[in-house]
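Found this in TrEMBL, in case it helps:
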COMPBIAS  1-19  compositional bias 'Basic and acidic residues'
REGION    1-27  region 'Disordered'
TRANSMEM  38-67  transmembrane segment
TRANSMEM  79-104  transmembrane segment
TRANSMEM  125-151  transmembrane segment
TRANSMEM  167-188  transmembrane segment
TRANSMEM  200-220  transmembrane segment
TRANSMEM  232-250  transmembrane segment
TRANSMEM  270-293  transmembrane segment
TRANSMEM  321-347  transmembrane segment
TRANSMEM  367-386  transmembrane segment
TRANSMEM  392-413  transmembrane segment
TRANSMEM  425-448  transmembrane segment
TRANSMEM  454-475  transmembrane segment
Amino acid sequence: MGEESLRKRKGEHSGKEDGQSVQSHEPQTMNLQKQAKLLLFHLQSACVGLISGICMIVGTIIGSGIFVSPKSVLANVGAVGPCLTIWAACGILATLGALCYAELGTMITKSGGEYPYLMEAFGPIPAFLFSWTSLLVTKPSSFAIICLSFAEYASTPFYPGCDPPQVVIKCLAAAAIVIITIVNSLSVKLGSYLQNFLTAAKMIIVTIIIVSGIVLLAQGKTENFEDSFKDSKISVSSIGLAFYNGLWAYDGWNQLNYITEELKNPYRNLPLSIIIGIPLVTVCYVLINISYFTVMTSTELLQSQAVAVTFGDRVLYPASWIVPLFVAFSTIGSANGTCFTAGRLVYVAGREGHMLKVLSYISVKRLTPAPAIIFYGAIAIIYIIPGDIDTLINYFSFAVWIFYGLTTVGLIVMRFTRKELRRPIRIPIIIPVIVTLVSILLVLAPIISAPELAYLYCVLFILSGLIVYVLFVHFKFNWPQKISKPITMHLQMLLEVVPAEEVTE
């Protein structure tokens with residue numbers, strides 16, 4: 001009886017003023033909140049071993065990039081030799097970056113990717129700018145790029161001999177975003193099952209392309225590799241833009257440290273998974289590009305609307321329909337995976353008071369981060385309206401490598417300022433130095449050699465986060481809270497969401 005009356009009193013006097021009335025009327029809400037938090041941050045099994053870690057790296061990285069970026073990489077360097085070199089160099093850079101993140105992930109075992117690392121190294125302002133940029137630029141633009149890639153490959157077979165209309169591509173991409181958003185908002189299980197199926201489909205098409213290429217090489221199809229560095233156009237700007245497109249295909253190399261706490265023997269398996277997994281992806285990417293060049297000259301590859309579809313038409317006819325189908329599966333799988341893990345950064349930033357609280361809430365009935373997923377989907381649809389894939393990739397890569405570089409600088413800084421932190425994995429300091437220098441080159445080279453307004457807009461947008469931070473986080477003006485509280489309350493009731501409670505582990 002005493003417990004029951006206490007519960008009633010809590011219901012009567014709980015913090016309705018902060019718009020969280022839903023949670024005070026649900027008898028099982030606290031338990032559901034704990035389940036939601038555990039679900040969100042422990043989607044991976046608590047016993048992920050070495051093989052599972054490698055599979056996660058390979059499955060996360062391989063997606064739409066390898067079917068979209070080959071044309072853009074080649075367009076920037078102009079010849080087969082430099083193109084293949086760029087693909088290999090991107091794999092090496094991704095491996096070095098992942099090793100830096102392995103040290104950070106085992107040293108600071110908090111969720112949220114770069115956010116807690118920047119918080120520990122430099123304080124709240126860089127961490128806020130990262131969450132601000134990720135929430136409104138890098139994550140939604142990544143989602144949009146993948147769905148545009150899906151739309152291109154899905155629509156190409158219906159327009160033989162010509163490019164699909166842009167309105168068709170963009171409408172199909174928007175439809176894909178809406179469907180993925182709905183699926184992941186309604187059910188974590190459904191999203192997980194869908195991801196498993198699409199990952200299997202992804203590996204099937206990669207295997208088909210690589211094996212076909214090896215067979216063609218064995219048959220002597222090597223004429224396109226003769227004088228492979230002839231007519232190359234190498235400059236600081238072209239190499240930087242080629243790296244942008246190549247590294248887009250490797251995006252996801254920093255994901256494994258998100259589940260450091262779920263790895264078996266992470267201090268052994270984390271670096272081993274990286275050292276095995278990313279070079280394996282690199283070999284796959286180089287072999288896929290070699291396969292493309294066995295049947296297409298540089299000119300033909302650049303003229304192709306969908307490179308893998310052209311490859312399938314020339315190699316697998318009359319079964320060429322397999323390629324666009326499975327490439328569409330692969331790209332939609334990458335989009336689903338992006339959406340599936342969308343809530344981690346939002347939750348951590350919301351808990352620190354750096355984002356709207358409602359974006360870190362969890363559905364009471366379905367245990368999904370519905371507000372964050374719906375928000376990502378809405379912003380991604382806005383990005384596909386004016387943008388094309390190459391512009392979005394450059395915009396995304398420029399923004400994301402600013403923070404990758406800042407994070408590796410933080411690793412170097414903490415070697416001197418946070419010596420007391422335990423470092424189960426300690427990499428040679430030359431590795432973060434190399435990654436930092438390359439990050440600086442990647443950010444500055446396109447601006448210096450071929451300045452475009454898009455880069456300026458990106459920098460201004462990132463810096464505009466300072467104004468938001470000062471007004472709404474540092475000074476905590478009352479009027480935004482007065483506006484946001486009723487909005488939060490109505491969104492809670494509409495979506496039936498509650499804050500994910502902190503669970504002591």
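Placed from the backbone N, Cα and C atoms, the Cβ positions cover glycine too.
In TrEMBL, annotation is done automatically, which means it is predicted and not curated.
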Which stretch, 79-104, 200-220, 270-293, 367-386, 425-448, tops the Cβ pairs under 8 Å count with the transmembrane segment (232-250)?
79-104
Using Cβ distances below 8 Å and needing 3 or more such pairs, separated by at least 6 in sequence, tell me whether the transmembrane segment (454-475) contacts the transmembrane segment (79-104).
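Counting Cβ pairs under 8 Å (6 or more apart in sequence), the transmembrane segment (454-475) does not reach the transmembrane segment (79-104), since there are fewer than 3.
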I need to check the long-range neighbours of the transmembrane segment (167-188): which residues 6 or more away from its ends have a CB within less than 8 Å of a CB in the stretch?
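Residues 39, 43, 143-144, 147-148, 150-152, 154-155, 194, 332, 335-336, 339-340, 342, 363, 366-368, 370, 373-374, 376-377, 380-381, 384-385 contact the transmembrane segment (167-188) from elsewhere in the chain.
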Considering pairs 6 or more residues apart, do the transmembrane segment (367-386) and the transmembrane segment (79-104) have at least three CB pairs under 8 Å?
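With fewer than 3 qualifying Cβ pairs, these stretches do not touch.
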Of the listed stretches (125-151, 200-220, 270-293), which one yields the highest count of Cβ-Cβ distances below 8 Å with the transmembrane segment (79-104)?
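The stretch with the most close Cβ contacts to the transmembrane segment (79-104) is 270-293.
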Would you kindly list the residues that approach the transmembrane segment (125-151) from elsewhere in its chain, counting only those six or more residues past its ends and only Cβ-Cβ distances under 8 Å?
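For the transmembrane segment (125-151), the sequence-distant neighbours (Cβ-Cβ under 8 Å, at least 6 residues beyond its ends) are 63-64, 67-68, 114-116, 118-119, 168-170, 172-174, 176-177, 180, 248, 251, 328, 331-332, 334-335, 338-339, 342, 345-346, 348-349, 352, 354-355, 359, 375-377, 379-384, 387-389, 392-393, 395-396, 399-400, 403, 406, 458, 461-463, 465-466, 468-469, 473.
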Residue list, the transmembrane segment (270-293) vs rest of chain: Cβ under 8 Å, 6 or more residues beyond ends.
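Cβ under 8 Å, 6 or more out: 50, 53-54, 56-58, 61-62, 66, 70, 80, 83-84, 87-88, 90-92, 94-95, 98-99, 102, 105-106, 206, 209-210, 212-214, 216-217, 224-225, 249-250, 253, 256-257, 260, 263, 301, 307-308, 311, 425.
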